[in-house]
Amino acid sequence: HGHPIGAEMERRKSSERRLLLWFFAVATAVKLLLIPSYRSTDFEVHRNWLAVTHSLPLSKWYLDETSPWTLDYPPFFAYFERFLSIFARVVDPRIVDLQSGLDYSVDSVVYFQRISVIVSDLCLVLGVYRLTRKLEPINRNLICAMVIWSPGLLIVDHIHFQYNGFLLGWLLLSISFLQDGRDLLGGFLFAVLLCFKHLFAVAAPVYFVYLLRHYCWSGLATGFRRLVTIGAVVVAVFAAAFGPFIYHGQMKQVMTRMFPFGRGLCHAYWAPNFWVFYIILDKGLAFSLRKLGFEIQIPSASFTGGLVGDSSPFAVLPQITPLTTFAMVLLAVTPCLLKAWQKPQPGLVARWIAYAYTCGFLFGWHVHEKASLHFTIPLAIVAVQSLEDAKHYFLVSIVSCYSLFPLLYEPQEYPVKVLLLLLHSMVMWLGFAAQHADEKALKKKKKEKTGEIKSKFRIGCIEKSYLMGLVIVEIVSQFLHPYFLGDRFAFLPLMLISTYCAVGIMYSWIWQLHRILT
């Protein structure tokens with residue numbers, strides 16, 4: 001009959017896979033429905049990259065300026081676009097034409113690009129599978145629901161347009177290998193991820209300290225051998241990515257494209273981070289000092305306009321440089337690095353990585369609000385570990401998703417984004433309530449087949465008030481502001497949403513820091 005335990009394991013594995021594919025199928029159905037929705041300029045950016053990588057030799061990829069949307073991701077992403085362009089050419093040759101393809105947006109392009117994002121999300125599914133295969137069924141289903149059905153990913157990737165699901169899949173795979181104690185593979189995958197998108201480098205210090213301590217710190221001979229091995233692996237990955245460009249003498253050009261520090265401290269849509277408070281304090285001080293009769297120069301570039309140039313817009317407070325933000329991020333991550341050095345436990349890796357991305361989001365330079373996905377997705381893995389983590393995730397996940405609302409400013413997407421957030425909140429609430437259900441009450445309910453399940457999952461008073469505040473912020477910015485003020489003070493709704501969400505993200509940062517230290 002074969003071994004009963006082995007057969008049982010096989011049965012469990014196949015049911016796990018079926019369930020995972022069911023989650024993916026539901027998500028895919030929603031994504032297919034979203035195909036005709038609003039597309040940002042990122043859609044044309046990626047279409048242009050298909051054309052650049054397909055039409056030009058590798059030596060001209062980072063030099064081309066045919067379109068304003070030049071290639072500014074690391075080489076692996078360029079190779080990925082080159083791979084996609086093979087299929088794009090089959091679908092419609094004009095997609096990959098450098099000149100006639102500009103702003104080309106017929107159905108063939110839309111369907112091709114949208115479906116390429118949906119298919120690349122298989123990488124995310126693989127990451128989730130590897131991370132959850134040893135967990136309890138309820139925890140596994142919760143993580144699947146929070147990651148594969150993440151409203152943030154649906155908004156950013158499948159409406160606004162980007163490939164975050166694909167990239168976060170690599171991150172989750174890397175975390176899963178670290179949790180299994182397979183450090184070399186985990187480090188290798190993270191190096192690969194950095195060559196796809198360099199903004200993930202915020203977690204590099206955590207990886208460096210953890211791998212040095214957990215993988216290399218074991219006796220002189222073994223330690224040295226392992227250090228050389230992991231060093232060689234990382235160098236090999238970067239050589240595969242950047243080698244061809246070093247050969248063509250273009251390294252400086254590639255770096256200039258990847259790190260455009262001329263882009264100002266804040267993004268046009270003000271990510272809800274620490275700098276929002278800094279800007280508001282500066283504006284408040286300037287206003288008060290002017291009222292008191294001081295001569296205060298009004299800066300030429302203003303945060304209330306659209307895109308921000310490189311002239312610094314502070315009237316009173318000290319100017320901020322990329323170096324300042326870099327130092328602040330590093331300083332914020334330091335407690336976590338010390339903790340990783342003291343006790344390098346594989347089970348805490350996801351928590352540390354999420355914390356590092358939270359620091360990068362809060363204190364970084366030219367942070368985009370989409371970057372909140374970098375910590376909300378890894379935090380989903382942490383959320384099932386305890387009741388406190390679940391409560392924290394419930395709050396931070398809602399705030400992060402709500403902060404993405406301004407990205408979809410067209411009226412027809414309004415019901416979509418609101419429904420996505422409400423459904424996500426309901427799924428989380430029901431999931432966490434079931435996960436933390438009172439065991440005694442459950443047994444009693446099964447016996448009597450009546451009564452409500454008592455759950456330990458409850459939201460505190462402060463958190464509840466804060467979440468109710470989100471509803472008020474939405475009513476003010478969406479309905480009251482246009483009704484009473486019309487077009488005047490157009491920046492107010494954005495400022496309100498950013499500031500309010502920034503409070504929530506700051507709270508999450510402090511909470512995570514406290515949790516890591518204790």
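A Cβ is built for glycine as well, from the same backbone N, Cα and C atoms used for every other residue.
Quick look at what TrEMBL lists:
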type	residues	note
TRANSMEM	19-38	transmembrane segment
TRANSMEM	111-131	transmembrane segment
TRANSMEM	138-155	transmembrane segment
TRANSMEM	161-178	transmembrane segment
TRANSMEM	185-208	transmembrane segment
TRANSMEM	228-249	transmembrane segment
TRANSMEM	261-281	transmembrane segment
TRANSMEM	320-341	transmembrane segment
TRANSMEM	348-365	transmembrane segment
TRANSMEM	415-437	transmembrane segment
TRANSMEM	466-484	transmembrane segment
TRANSMEM	490-510	transmembrane segment
The transmembrane segment (138-155) vs the transmembrane segment (185-208): 3 or more CB pairs under 8 Å: no
Selection from 111-131, 161-178, 261-281, 348-365, 415-437, the stretch that has most Cβ pairs under 8 A to the transmembrane segment (490-510): 261-281
Candidates 19-38, 320-341, 348-365, 415-437; stretch with most C-beta pairs under 8 Å toward the transmembrane segment (185-208): 348-365
Stretch of maximal Cβ-Cβ contact with the transmembrane segment (261-281) [cut-off: under 8 Å; candidates 111-131, 161-178, 228-249, 348-365, 466-484]: 348-365
Tertiary contacts of the transmembrane segment (161-178), as residues 6+ beyond its ends and Cβ separation under 8 Å: 39-40, 42-43, 46, 113-114, 117, 120-128, 130-131, 147, 153, 185-187, 189-190, 192-193, 196-197, 200, 210, 346, 349-350, 353, 370, 373-374, 377-378, 381
Chain residues in Cβ proximity to the transmembrane segment (348-365) (below 8 Å; excluding those fewer than six residues from its ends, i.e. six or more beyond): 171, 175, 178-179, 199, 202-203, 205-207, 210, 261, 265, 271, 273-275, 322, 325-326, 328-329, 332-333, 336, 339-340, 371-372, 374-375, 378-379, 381-382, 505-506, 508-509, 512-513, 515-516
